[in-house]
Structures are given as structure tokens and as C-alpha cells.
Amino acid sequence: MGNRCARTSCCRKLWSCICCCSNNNNNSYGQTRSQHGSKGKVHPVSRIEKWEEKITEANNHGKILVVNFSAPWCVPCKKIEPVFRDLASRYPSMIFVTVDVEELAEFSNEWNVEATPTVVFLKDGRQMDKLVGAETSELQKKTAAAADLFLRKP
């Protein structure tokens, strides 16, 4: 519960407080940050036109699109942000974007985003995997698995 924030505005402050006070010891933030200090290319998406540009780019080049649905007030979102950047650096064959759920609320609802952060993995515009919450080790595993699938493509 402390690794994700509810998206409803009435619960936002309560969730932020709960998330901020949680202590999750099964993340590798410090390890990832120290091993990979460079910033990866994460494309911010706050307009539907930018989304369409990135999904078209991924589809045209046969790349996996990794989408981080995030909110500026979400403490767990801030926790995974450096890990997400690091993954973008490590996996240049994938496209990493962060969608601002406040700027694109209706769009986020279409993707069934009920809490932040939610990370969705897309191939050819279709969801292949999803992670809800700031479980950094799980995010790393799912990203590595998606990259492995990309490398095995026919």
C-alpha cells in the first residue's frame, strides 16, 4: 500500500502521507543510482500529440514502449524516477516515457491507471505487462524480461 498513490483527488494528500511514511526495504534505489549515475532519455508526455508521436515511433521501429504513469505529487513516483531513468540508459532499444496523469487524466483512465506509479509495457500498441507501485526490483526484472523478448523477436 505504501508503494503507490491513489489517483483520486480526495485521497491524494492522505496517500502521499501514507506513501511518504512507508519504509520499503526491498528496493535497489541506492545501488542503481551509484552504479548508473548518467541520466537516460525519458520522454515526458503531457499532451496526447506527444503520446501519439512516441507510440508511432515505437511501432514503426518495432520497439517496446515503457510507459510510467506518474503524478508530480506522488512520493513513490519520485522514488522510482531515478531507477526509470537508469533503465532508459541501460535499454536504448526501448522507448521510455512518463505520462503526467493530471495533464492526461482521461487518457490515463483509458489505460486503467488507478494508482501511481503504474508502469505499462507495450509492444505494437498492445499491453504486454504492467506494474503498479514503486517496487524498483520488480520494475528492473520486468524491464529486463521485456528487453529479452525484444532481442528474441523473429
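From the backbone N, Cα and C atoms, a Cβ is placed for every residue, glycine too.
Residues annotated as domain 'Thioredoxin' in Swiss-Prot: 24-148.
Taken from Swiss-Prot, the feature active site, nucleophile applies to Cys74 (among others), supported by sequence analysis. Under the DSSP three-state reduction, Cys74 (active site, nucleophile) is assigned to coil, being neither helix nor strand.
Taken from Swiss-Prot, the feature disulfide bond covers Cys74-Cys77, and the record attributes it to sequence analysis.
As annotated by Swiss-Prot, active site, nucleophile applies to Cys77 (among others).
Most Cβ neighbours within 10 Å, among the recorded positions Cys74, Cys77: Cys74 holds that distinction in the structure as shown. Note: the domain 'Thioredoxin' (24-148) comprises 55 helix, 32 strand, 38 coil (DSSP; helix = H, G, I, strand = E, B).
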